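**Q** I'd like to ask some things about the structure below.
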Amino acid sequence: MKPGPWTCRRRAPLKRSRILHMALMGASDPSGEAEASKEKPFLLRALQITLVVSLYWVTSISMVFLNKYLLDSPSLQLDTPIFVTFYQCLVTTLLCKSLSILAACCPGAMDFPTLRLDLRVTRSVLPLSVVFIGMITFNNLCLKYVGVAFYNVGRSLTTVFNVLLSYLLLKQTTSFYALLTCGIIIGGFWLGVDQEGAEGTLSWTGTLFGVLASLCVSLNAIYTKKVLPAVDGSIWRLTFYNNVNACVLFLPLFLLLGELQTLRDFSQLGSAHFWGMMTLGGLFGFAIGYVTGLQIKFTSPLTHNVSGTTKACAQTVLAVLYYEETKSFLWWTSNMMVLGGSSAYTWVRGWEMKKIQEEPSPKEDEKSSMGV
C-alpha cells in the first residue's frame, strides 16, 4: 500500500531550525515518542521516581563537592584543573569501552551499544567536542575559584543564554512572562555578585568562568541535537566520541599551560588516596549523564529542571553548613531570586508548550468550519 502524504511528512528529516528550537527550548520531537505503555501501580511508580530523583541528587551533589576538593583543597594544593578534567574524561572513555566489551561478551546480561572508533564519526562530533571541552573546563574553573555555595549563582545564566540564542539563531521571540523570569535570574546573579564582593569573597575570574560555562551549556544542547544523527541517536556513543576527542584535545592544553611540571612536583603523586579520589571523580562524571537521563525518563524534562533547581538549593545550604560560612540576608535573597526565576521559567515554558499543543491549528479550524 502506498504511504499517504501525512506518513511521508512524519518520516521526513527534521529541519535545522526545528532541531535548534528543540535544543534551546527543551522540547521533544513528538514524532519520535514511543507509544504509552500500560500504567504501573501508583505506589510502584512513586517509589521508582523517589529512588531515581534521590540518586540524581546524591550523584550531582557528591560530584560538585568532590571536584571542589580536587580543584581547590588546601590539603592537596594541586593547581592542575586541566589535568583533573582530562583524567575524568579518560575514566569516562575507558568505562564506556569496558561496558561495550562486557555487553558483547554477555549479550543477555546488559544492553550497551558496540563502540568502535570511526574517524569519520570523530570528525562529525568534533564541533560538539570543542563546546563540550569549554563546558566542563569552565565549570571546573568556576568551581576552583568560587565557593560551592556561590557556584550555582555564578553559573546561573544558562536560561538567559537559551533565550538569547533562540532569538539570534532562530529569530524566535520569547513571551513577556518568560523574559520577566530571565530578568529575575539576572537580578539575582548581580545581587549575588554584589554580596560576594561585600563579604570579600568575590572572584571575578571565577564569575567570568561561570558565565562562560553557562554559555557553553546552552551551546552544548544545540550541538548535541545536531550531532546525534552521526552516532545513530545513541547518547552512549556520543559520550564515548565526545570524551575521546576531549582527551586528545586536552593533551596540548595540559602541556602548554605547564601543568605537567606542576604534576611532577606534586607531593602526593604516588598516593593511592589521591588517585582513588581522582578515579571516583571520573566515576561520578560518568554516572551523572546516566542518572540525568534516568530522571528525565521516569519523570519529564520539565520535572527534571524543577528537580535540578531544588537540588541546587539543597546543595547551597549544605555548602554553607559544611564550610561553616555565615551569609547575609541579601546573599540568600540573591540565591532565592536565581532559583525562583529558574523555576518560574520552567513553569512558564511548560504552560506555553501545553497551551500550544491544546490549541487547534488554523488549518484544523478551517476544516471544521467547512464541515470536513
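Including glycine, each Cβ sits where the backbone N, Cα and C put it.
According to TrEMBL:
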DOMAIN    48-342  domain 'Sugar phosphate transporter'
TRANSMEM  46-70  transmembrane segment
TRANSMEM  82-104  transmembrane segment
TRANSMEM  124-142  transmembrane segment
TRANSMEM  149-170  transmembrane segment
TRANSMEM  176-193  transmembrane segment
TRANSMEM  205-223  transmembrane segment
TRANSMEM  243-260  transmembrane segment
TRANSMEM  272-292  transmembrane segment
**Q** Using Cβ distances below 8 Å and needing 3 or more such pairs, separated by at least 6 in sequence, tell me whether the transmembrane segment (46-70) contacts the transmembrane segment (243-260).
**A** no
**Q** Within the domain 'Sugar phosphate transporter' (48-342), what mean pLDDT does the predicted structure show?
**A** 89
**Q** Six or more residues beyond either end and a Cβ under 8 Å away: which residues meet both conditions relative to the transmembrane segment (272-292)?
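**A** For the transmembrane segment (272-292), the nonlocal Cβ contacts are 52, 55-56, 59-60, 62-63, 66-67, 69-70, 76, 84, 87-92, 95-96, 235, 239, 304.
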**Q** Quick one: find which recorded stretch in 149-170, 205-223, 243-260 has the most Cβ pairs under 8 Å with the transmembrane segment (82-104).
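**A** When the Cβ pairs under 8 Å are tallied, 243-260 comes out ahead.
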**Q** Looking only at the recorded stretches 149-170, 205-223, 243-260, which one has the largest tally of CB-CB distances under 8 Å to the transmembrane segment (124-142)?
**A** 205-223
**Q** What same-chain residues lie close to the transmembrane segment (149-170): Cβ under 8 Å, and 6 or more beyond its ends?
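**A** Same-chain contacts beyond the ends: 17, 20-21, 24-25, 64, 139, 142-143, 178-179, 181-182, 185-186, 188-189, 192-193, 196, 201, 206-207, 209-211, 213-215, 217-219, 221-222, 312, 315-316, 319-320, 323, 325, 327, 334-335, 338-339, 341-342, 345.
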**Q** Which residues of the chain, 6 or more past the ends of the transmembrane segment (205-223), have a CB below 8 A from one of its CBs?
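**A** Sequence-remote neighbours of the transmembrane segment (205-223) are 20, 23-24, 26, 127-128, 131-132, 134-135, 138-139, 141-146, 151, 153-158, 160-162, 165, 169, 193.
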